[in-house]
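Taken from TrEMBL, the feature domain 'Beta-ketoacyl-[acyl-carrier-protein] synthase III N-terminal' applies to 109-190. Positions annotated as active site by TrEMBL: Cys115, His262, Asn292. Residues annotated as domain 'Beta-ketoacyl-[acyl-carrier-protein] synthase III C-terminal' in TrEMBL: 246-335. Positions annotated as region 'ACP-binding' by TrEMBL: 263-267.
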Amino acid sequence: MYSSKITGVGHYVPENIVTNDDLSKLMDTNDAWIQERTGIKERRHIKKGDGNSTSVMGVKASKIAIERAGLTPDDIDMIVFATLSPDMYFPGGGVQVQEMLGMRTIPALDVRNQCSGFVYSVSVADQFIKTGMYKHVLVIGAENHSGGLDMTTRGRGVSVIFGDGAGAVVISRNESNSAGILSTHLHSEGKHKDELALQGPATDHWVPEIIAENDQENIPYYPHMNGQFVFKHAVVRFSQVIMEGLEANGLATTDIDMFIPHQANLRISQYIQKKMGVPDEKVFNNIQKYGNTTAASIPIALSEAWEAGKIKDNDLVVLAAFGSGFTWGSVVMRW
Ligand code: ACO
């Protein structure tokens, strides 16, 4: 059996910066409230006409990751695309990337696992490489949230948190001296599906039905989040799945060289960090600049941490995510 390893990372965020003060002009909110509760100072939003979309941002991040892996799009054997905000209801973002990068007729798979989408996708790629079926898998996390948020006071509990962007990695058959991806761990608990959800449009909630059945104060085609419930579950599940990953490899929290949590909320990341006793220099957060970019948050953070020289060869890197579903997971790897 083969092992897999991340051989290239890249990210792209739109140029348009939206500060908390900018949001306070659209809705009843303020910088102090947002920073105190979430740590977010600003986020990026696609601007109409700037040419960006979920798949376009995914392509921009992918080009960087592929180049850093020393490869060309022709070398990629499979695309795994994680998003909750695809350009179209169907087909998915993977086939759009395949077209835009002029790739061979390789498989393109979309993963719909929200904030855990990237961790799930890394696990999928890892399995395909371990079996020897593929040599290089492009894994993308990309989101265009700004197009689908309620930017009025009614939506402020959700809209201030999310931002747009994309990250990508190439996962290759491991031919290095480091162990590469040691293990991945995935979970779900569907009984909490309504706590963080966007009901429609979908086959159960088509738009005419939504409009007919709901008053304008309760519109299910904007995301709904039971924030405190999500917070309580997130801190428990994050910690459990990190420990599961470490213990599966005979490791402890003191072995971690770099911990990259899904950028859900700075308070959640800090809570887990404290609980696990991981020092500041071994945790990478960038939610302050980008908000929560769901499936894109880990690969954007991974790419920035790598660019800043914070991840070195053979470092023990731990990724962990929790999100809507609920779904959660972790990846433990040697860089
Ligand atoms: N600006 C100002 N006031 C606001 C805002 C806002 N943007 N949003 C809500 N409020 C108000 C509410 O209306 C409420 O007012 P009221 O007391 O008069 O009714 C008050 O602030 C408190 O609202 P809560 O929802 O109770 O605020 P809370 O302290 O729980 O903070 C938050 C909300 C930040 C969402 C918090 O619950 C949280 O951190 N939850 C974790 C969920 C999370 O991070 N999700 C990220 C996405 S999911 C994921 O990635 C895993």
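Using N, Cα and C of the backbone, Cβ positions are placed for all residues, glycine too.
Keep in mind that TrEMBL annotations are predicted by a computer and have not been checked by a curator.
Across the domain 'Beta-ketoacyl-[acyl-carrier-protein] synthase III C-terminal' (246-335), DSSP helix (H, G, I), strand (E, B) and coil residues number 38 helix, 22 strand, 30 coil. Long-range Cβ neighbours of Cys115 (active site) (same chain, at least 6 residues apart, Cβ-Cβ under 8 Å): His262, Ala264, Asn292, Thr294, Ala295, Ser297, Ala321, Phe322, Gly323, Ser324, Thr327. Across the residues of the region 'ACP-binding' (263-267), the predicted structure has a mean pLDDT of 96. Under DSSP, the residues of the domain 'Beta-ketoacyl-[acyl-carrier-protein] synthase III N-terminal' (109-190) split into helix, strand and coil as follows: 28 helix, 29 strand, 25 coil.
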